[in-house]
Amino acid sequence: MSWILDNLPLILDRLWAHVATSLPAIVLALLISLPLGWLAHRYRPLNGPVLTGAGLMYALPSLPLFIVLPALIGTGVRDAVNVVVALTLYGVALMVRSVADGLDGIPPEARSAATALGYRPLRRFLAVDLPLAGPVILSGLRVVAVSTVSLCTVGAVLGIPSLGMLFTDGFQRGILAQILTGIVLTVALALALDRLLVLAGRLLMPWARTPSPRASRRSNWVSARSIRSDRADRADRADRTDEAVTPS
Amino acid sequence: MNQLWDALLWCLDPSNWQGPSGIGARALEHLGYTALALVIASVIAVPVGWWVGHTGRGRGIAVAVSGAARALPTLGVVTLMGLMLGIGLAAPMTAFVVLAVPSLLAAAYAGFEAVDRQVIDAARAQGLTEAQVLWRVEVPLGLPLLIGGLRSAALQVIATATLAAYVGAGGLGRYLFLGLKTQDYAMMLGGSLIVVLLAIVLDLLFAAAGRAAVPRGVRLARQGQAQ
C-alpha cells in the first residue's frame, strides 16, 4: 500500500499512457471493422477471405507483431504508434466477425419492410440494419475492449509506456507491490471499459435490454467468452455451406 | 523492406542454427513449453469443464473465472510468477497454465452445453448408463468445441512463451530480448517471424483437427440437411 502512495504520480502517468494507447485502437478497430464486416456480409465471395484473414491476423503473437510492424510501416521499435496499429489490427480481426454476424442475423422481413417504406440503402443501413445488428456488434466490441487493454501491456518490454511498465520495472527492481498494482489496475481498467460499453449499449439500444436471462447468458458465454472455439465451429459451418453448393 | 531482408538472411544463416542456442533448438524449446503448458492446463481444466457441463453445477463460477481471466495481462502474470518463483521454467510455466486454463474450461463446458438435450434424453431412453452418456454422447459431440478451445489456448501460450525469456527461461523469445539489448534488429525481427510462422502453422493444424473431430454421424446429418 505504501508503495502505491509513494508512487502515485508514476502510476497515474502509466495509467494515462495506457488509456491513450488503447482507446484510439479500440475506436479505430470499430471504425475499420464496420465497412469490412459489411463487405463480408454483403458480398458472399468476400466472406471467406475476409473472415479467414481476420482469423489468421488474430493468431499472430503480439510481441513479435510489435517488432515486425516497424519494418512494415517504417516506425521505430519504441514508437507507441506500433502498439496502436497492432492493437487496432487485433481489434479489427475480432470485430469484423461480430459485424458480419450481426448483419447476417437481421431478419429479412425487417429489411424488406424498411425497403417497402421507402428507405434508401444508406439510410436503411444506418437506421435499420445497424441498430438491429447493434447488440451483436456491442458484444464484439466488449471483447475487443478487454483484450486490447490487456494486450497493451506487452509493449512495455520494448520500452513503450503503459501499465505494463509497472510489471517490467517491478520485476527488475524486485517490487511485488508494483507488479500487483499493475495487474489490478489493468484488470480494473478493462472491466471499467466493459461496464461503460454495457451502459452505453443500454442508453443507445434500449430495445436490446435483457431478452431472457438464459439466452443472454448463453450468448455471452458463446460469443464473448469463447470467440475462438466459436470460430472453429463456424469454419465448420462454412464447410457445410460449401458442401451445399457443390453438387454431390 | 530492407530490414525484412536482413531478418530473412538471419533466419537462413546456418551459423544461427547450430548448438543449444540455435534456431532449431530454440524453436523446439518453444514448442515444448507450449505442449507442456497445454497438457497441464488440460489435465486441470477439461475434467472440471466437463463436470460443470455434465451436471450444470458451478456454471456461474466457471463463467466468472474465465471472464475475469480474459482481462489478466499476460506480461503481468509472467513477471509476478517470475518474481515469486525465481528464474527458471517454473515461473513462466505457471503463468502459461493460468492463461490457458480459462479457454479450455470454457470450451469443455460449452462443448457439453451445445449437445442437444434431446440427444442426451434419447441416449438415456435407450438405456445408456450415465457413464456411457458421458463418454459416448457428450464427449464426442463436444470434442470439436473442445479442440477450438485448445486452439485458442495454444495460440495464447505460443505468444506468451516469447515472454519466458524475459524471466530467464529459453524459447524463441531469447532472440527478441537479446536483439533488443544489442540493438540487433535483424535478430529480433528474425526471431519474431519464426514465432509468427509457428503460430500460424499451429492455428491451421488445430483448425484441421477440429474439423476432423466432428463425429461421422453429425457430418452425415448436416449433409442430409444441406441437400
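Residue numbers in this text run from 1 along the chain shown.
Note that Cβ sites are derived from N, Cα and C of the backbone, with glycine treated the same way.
Residues annotated as compositional bias 'Basic and acidic residues' in TrEMBL: A:227-248. The domain 'ABC transmembrane type-1' annotation in TrEMBL covers A:15-197. TrEMBL lists A:211-248 with the feature region 'Disordered'. As annotated by TrEMBL, transmembrane segment applies to A:15-38, A:50-74, A:80-100, A:144-167, A:179-204.
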Tally Cβ pairs under 8 Å between the transmembrane segment (A:80-100) and each listed stretch (A:15-38, A:50-74, A:144-167, A:179-204), then give the stretch with the top tally. A:15-38
For the transmembrane segment (A:15-38), name the stretch out of A:50-74, A:144-167, A:179-204 with the most CB-CB pairs under 8 Å. A:144-167
So if I exclude everything within five residues of the ends of the transmembrane segment (A:144-167), which remaining residues of that chain have a CB under 8 angstroms from its CBs? That is, six or more out. 11, 13-15, 17-18, 21-22, 25-26, 29-30, 62-63, 66-67, 77-80, 82-83, 87, 90-91, 94-95, 178-179, 181-183, 185-187, 189-191, 193-194, 197
